[in-house]
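> Next up is a structure, given as structure tokens.
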Amino acid sequence: QTQLLGVFIAAASNFLISVSLNIQKCAHLRLVCQGEQKPYYMSKLWWCGITLLGLGEVGNFTAYGFAPITLVAPLGCVSVVGSAFISVFFLKKTMRTADILGGTLTITGIYLLVTFTPSGPQELTARQVQIYLVSWPFLVYSTLQIIIFCILLYFYKRKAVKHIVVLLMMVALLASLTVIAVKAVSSMIALSVRGKMQLTYSVFYIMSVLMATSCAFQIKFLNQATHLYEATAVVPINFVFFTTSAIISGVIFYQEFQNAALLSVFMFLFGCLLSFLGVFIIARNKKEEHLQIPFIDCGHIPGQKLTGKIQPDSQSSCYGTLNKEDDSVKRQS
């Protein structure tokens, strides 16, 4: 029951995140059409989106205290699927066949993940976290992570290699530390709320610092990737790298697949594969929006030889009228 609660919280939180992103996008588009441009943070609609985003992130943090990392991390695909469907209502986008197919595959993958994820320990105490921190599998894993990260950082800094794989690989390596720390902190807070005080242990504050630090650098490299590459490439690759890194961290640090049946492991990995494939299908061929001023496609208009478009005046909140044919040809050329 505790694990199912974590699943519900994670799924609901990621759905809230997808709603919040579409609300923020809608707020930006509304501001573009206004005559007097005002900062986006003056928009009530934008603040509504930010509030939902904050609630979603808090919910994700809470979910790690009730469910294994190997289950919570892959549920991030809910935000990708939710965003694809919610944008039809908020942003008036067209529902594509790829969205339906990708959503079906992702939902099937989620079902397999929830069904075949092995149950982890019901309570994660501060003493258990301390034991996990000095276990030899984690020490070997963390050493390899540091070596790989340093190599990638060398190419990033010294050789100016800013390939999307390099950037998102560094994000994933940092994310593995983030999810380990988040689960530890969230679990210790949850136990403390129930009456089993864990906040007096120094490991709680060590993990809190690790969580904040790794998250900050993770955002730095992720922002660099989104600045250099389109979101249609960043979102699926980052999801695959992050989820894979988080699962490996959960398996090694928290030993979440210890004594798991071979069938459960296979079906869990198959569910991950379906989720990855669904996210890639949804993001595939999705065009980026580069226009700063939206337009209305008028289609065929009697008396016009061209397919005209009504374009709003950048200095006015009203839509203009069609120009004459000569002017329209000049503007389009």
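The backbone N, Cα and C atoms fix where each Cβ goes, and this holds for glycine too.
TrEMBL entries are annotated by machine, without manual review.
So TrEMBL says this about it:
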type	residues	note
TRANSMEM	6-24	transmembrane segment
TRANSMEM	45-66	transmembrane segment
TRANSMEM	72-91	transmembrane segment
TRANSMEM	98-116	transmembrane segment
TRANSMEM	136-156	transmembrane segment
TRANSMEM	163-182	transmembrane segment
TRANSMEM	202-222	transmembrane segment
TRANSMEM	234-254	transmembrane segment
TRANSMEM	260-283	transmembrane segment
> Compare 6-24, 98-116, 136-156, 234-254, 260-283 by their Cβ pairs under 8 Å to the transmembrane segment (163-182) and return the stretch that comes out on top.
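Going through each listed stretch, the top one turns out to be 234-254.
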> Do any residues of this chain, six or more beyond the ends of the transmembrane segment (260-283), have a C-beta under 8 angstroms from a C-beta of it, and if so which?
70, 74, 77, 80-81, 84, 98-99, 101-113, 115-118, 232-233, 235-236, 239-240, 243, 247
> For the transmembrane segment (136-156), find every same-chain residue at least 6 residues outside the stretch whose CB is under 8 Å from a CB in it, and list them.
162, 166-167, 169-170, 173-174, 176-177, 248-249, 252-253
> Give the nonlocal contacts of the transmembrane segment (234-254) in its own chain as ranges (CB under 8 Å, at least six residues past its ends).
68-70, 73-74, 76-77, 80, 120-121, 124, 132, 135, 137-138, 141, 164-165, 168-169, 171-173, 175-177, 179-180, 183, 222, 225-226, 272, 275-276, 279-280, 282-283
> State the residues, same chain only, that lie 6 or more residues beyond the ends of the transmembrane segment (72-91) and have a CB under 8 A from a CB inside it; answer 'none' if no residue qualifies.
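Answer is 6-7, 10-11, 14-15, 17-19, 21-23, 25-26, 29, 56, 60, 63-64, 99, 102-103, 106-107, 109-110, 113, 179, 235-236, 239, 242-243, 246-247, 250, 271-272, 275, 278-279, 282-283.
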